[in-house]
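Annotated features in TrEMBL:
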- 21-56: domain 'EF-hand' (DOMAIN)
- 58-93: domain 'EF-hand' (DOMAIN)
- 94-129: domain 'EF-hand' (DOMAIN)
Amino acid sequence: MSGHITSDELAFVLRSLGQDPTNGELQDMIREVDMDGNGTIELDEFRKIISMKMKEVDAEEELRAAFKVFDKDDDGYISADELMIVMANLGEQVTQDEVQEMIMEADTNGDGHVDFSEFSKIMMAAGPTF
């Protein structure tokens, strides 16, 4: 045992945890934690990467749970009607026009509703809640 992990070994571990990093992402991770600059990861550096990746998984799970609150019919999209219901349940008095404007702002692909990817981008841009 050499006491360090190569990028190939890191890729194997991350894939076994359900992640699928590209080679570029792997190199970025190594650069971010490789304190001694030797291009490999020591045990403490490895722990840091795994901790970062697990936080990403937790954040995605939280986002998926939040998305399900809005996606009342479980079709994978948030419609204006679904958003209106959630806003009313939260005690927010919004007009149909305001709800439509919110959907249009989040709907980056122009299909008339918000999918999980679009929802995630809006929520992540909103700040450290997730």
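Just so you know, glycine gets a Cβ as well, placed from its N, Cα and C.
Given the structure is predicted, the values throughout are model-derived calculations rather than measurements.
Mean pLDDT for the domain 'EF-hand' (94-129) in this predicted model: 86.
Each residue in the domain 'EF-hand' (94-129) gets a DSSP state, and the totals come to 22 helix, 2 strand, 12 coil.
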